[in-house]
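As recorded in TrEMBL:
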COILED    1-64  coiled coil
DOMAIN    105-162  domain 'COS'
DOMAIN    164-268  domain 'Fibronectin type-III'
DOMAIN    280-473  domain 'B30.2/SPRY'
REGION    288-335  region 'Disordered'
COMPBIAS  310-323  compositional bias 'Polar residues'
């Protein structure tokens, strides 16, 4: 009976998954149908616009060429008219001279005849009719302004839709997700020399399968990519996966999208648990800041004995500051001189990484891990259930690793930003300079219960960066270090159920297996 129920449960799960896939596919089809109508209307509009542009160009060319013909007509007419006027004047002068010569033939007086003959000879020599060129300066031929549209007509008759670029293929094995960067590589199935650029689109999702129409995020667009590879930098991985698709474009058209691919982008995401924070801490989304006015106005004083022996964290000048009591159900709200706030997400397994950046004028702060059962008066590094590095810039500067009320001073400059690496399964907590990935300290711990990120801040503030992958430099270092034994120096825990070593390395640590807990 039980086996049949199990088999039926598997069938039901399979059917449910298939129903979800079909529903997603139907939504995709509906969306595609809607887009077909929209895109059809758009391409018709684009086609009309292109033809209108073509008509406009033809009209402009027609007007320009017509003006050329008119100008040529005016030029030839002007030259011929001038030549006609000159010829008419020459003809009138020649007719007058001819008449004068005919009259001279009838002169009987020899002297008069000689005189008239000389005049006629002089006038003939200077006559315009003998100085004019008897050839038109312009012809009536206008064939040099004729246009042969045979080739253009053939081109227009052969006008076709521009071949659309093929859809690219994303090369999944060449895609890379590392250091909060994603490199996407693709190829064109058929060589196309007319491709001008590519468009890459991506979006975040918590769904592992194909992208859904109604997904959590809209597609982000990266345009005008000239190569077949692109790297997205400075990402925050606050979802489990990212979808990618790409399309090729020529000068006039964009091709179809490639088949979308899904890349895993898991990272540790958490925020500050404001219900746990000290009343003098102002907690926002990704930042916590010291607020000396927090909690004033209620007649509840912190007893001195509750803070006795907890002088590791500097405290402000003693005043009769009153604080509101912790709300019901929030017994873990820190108080007294424990200016602490925890993360809102527990770590129960796996490897995780996050970064913390202090304000430049922060007087004192701690960064580390703690068990959830940390007492509300407890300070980080003062108990056997907390591990941290502590920075003190108040009165006397110090930089130390702390656990179980023991400290190890660190002879290195305090970095501007601290990276925290936790390998829960291997029992390792390491701190790094977030800028150059230099290892600062490593705690070796046998975690007996889930841990949470923990922070202390006084007179200043901290900014938290999560959704970060473990940097490749740290992964490489961890592979080297995990092949070695324990540290060459340790702080012995008082609680035998919690074993811890603190180790500091200038470069790679020297190891002594006899010190392994």
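Backbone N, Cα and C define each Cβ position, glycine as well.
Sorting the domain 'COS' (105-162) by DSSP state (H, G, I as helix; E, B as strand; all else coil) yields 31 helix, 0 strand, 27 coil.
Broken down by DSSP into helix, strand and coil, the domain 'Fibronectin type-III' (164-268) contains 3 helix, 46 strand, 56 coil. This prediction places the mean pLDDT of the domain 'COS' (105-162) at 84.
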